[in-house]
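Record features (Swiss-Prot):
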BINDING   30, 76, 142, 144  Mg(2+) 1 binding site
BINDING   163, 165, 215  Mg(2+) 2 binding site
COMPBIAS  435-444  compositional bias 'Basic residues'
REGION    1-97  region 'N-domain'
REGION    2-97  region 'XPG-N domain'
REGION    130-218  region 'I-domain'
REGION    130-219  region 'I-domain'
REGION    130-215  region 'XPG-I domain'
REGION    215-353  region '5'-3' exonuclease domain'
REGION    433-458  region 'Disordered'
């Protein structure tokens, strides 16, 4: 909880920064605060079963890894003896636990129940963080006190915590909130701003805790934060604690005309401060001793010292264990290895690029400009090449391929980061793009080169088809001409036979045959049109026309003759050979003569 209403008092000092503000920083994280915050998001059974809080913790870590943040997780240790009454009072309110009547000693801390649900959540967070190369520092008592000590000793740049009493333990920069995703940000409070804008130093904040109430004291009932701040400022930051330790909280008294003293409503033996006496002597030695204990708990908390082996080990850097992380994510979230790699590997690659950029900037500061890929270079550039330009949430980025990073082919990184780390890669990419613009596209090349060949091949093919068509038509015309000549010869021979038999004695027999055929009613289909023994009398008048049925064979023969004539005419018009045209002309004249002779 921290100090009551202290965040409201510090509201004018609130600042919001984008997530990039955290890049290349070393931060301490109050692990209990983060897990309480993430667990409050959804307390349903499904959320607990699917470990939604642990997923949120994992995504926060990977976001900080991408920004090249060195993370130090700090967990709570034992409960301070001065905080035990407050802790039990909270448990009673939550679980309705009856008071056992045992008064704990003020100097004895209370070990936490390591088998509780929240302790199991902390263990899971430690496991998943260890696979990412992040170790957890187990505090002796309060985690925020340990974070504040590391920050005050400049072993970290800032602390993540929403317990406002972290400033009372000596923290300089505190991030209260963090938001990921689009437009991600952090909410920051700095002790320098608190001193400048509010006139409140660390001693003044401890005095406010005594007046307003905290985990270690109940404060003064009915005293508002505005009035408390005015009282503390009026005394001054340098002497406020001495005054409170020697005189108590008498400066916060509200005198009345009545001389009747009001007894404290809370027993002082339970480790918490009694309410301030409205009128009367407030220098009770027992109460003054309790005030001194609260001041000492804030000024000298039980923590690992900055030069201890425990702190040195927590500050050491460890590499993340890819295989172990895949196993843990499959156990906790049922993720396949590919999904775990998709989440973490791009962030690790971006962290490596930021470290390389820092190395480049340091070498530039000391005027040691080492060329890339040379033996003198301590590290190799992690970027293999730039693939294409991208824009993510309105920010210019590059999609790049990586060197020596198994499981990751390419990912997207900010363009300004690539420019700081390896500007020569950008130059190479621009030259490559300029060369592509000068040269025609591969598809256009294929079209331009293939169109002449296609057109030439089409011309050749059309010529071949025309040649074949001419050959076929010439062959057809020649065959049809030969057939027509044979038929004409047969008709001429028949014609001469018919003319020779005009005056023969069989004429009467022929007429009788016609009359008999008409009398019997036999159609033309039952007899051939021009039998060999039949004689046509061209001098005598033709017999009367009668309706006769025409056989199908005669119709087919007639249509066939018509087709032959058509073919002959078409072939005549399409032939270019002079000899062929001459023969065709002679054939037409011959056929015309035959038609005239038949008509006559």
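Even glycines carry a Cβ here, placed using N, Cα and C.
Feature map: annotations from Swiss-Prot on the structure.
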| residue | record | Cβ contacts under 8 Å, 6 or more apart |
| --- | --- | --- |
| 30 | Mg(2+) 1 binding site | 74, 143, 144, 147, 159, 160, 161, 162, 163, 166 |
| 76 | Mg(2+) 1 binding site | 31, 32, 112, 139, 141, 142, 143 |
| 165 | Mg(2+) 2 binding site | 2, 3, 6, 144, 209, 214, 215, 298 |
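The average pLDDT for the region '5'-3' exonuclease domain' (215-353) in the predicted structure is 81. In the region 'XPG-N domain' (2-97), the DSSP tally of helix, strand and coil residues is 57 helix, 16 strand, 23 coil. Neighbour density at the Cβ, taken as the number of other Cβ atoms within 10 Å, is lowest among the binding-site residues 142, 144, 163, 215 for 215.
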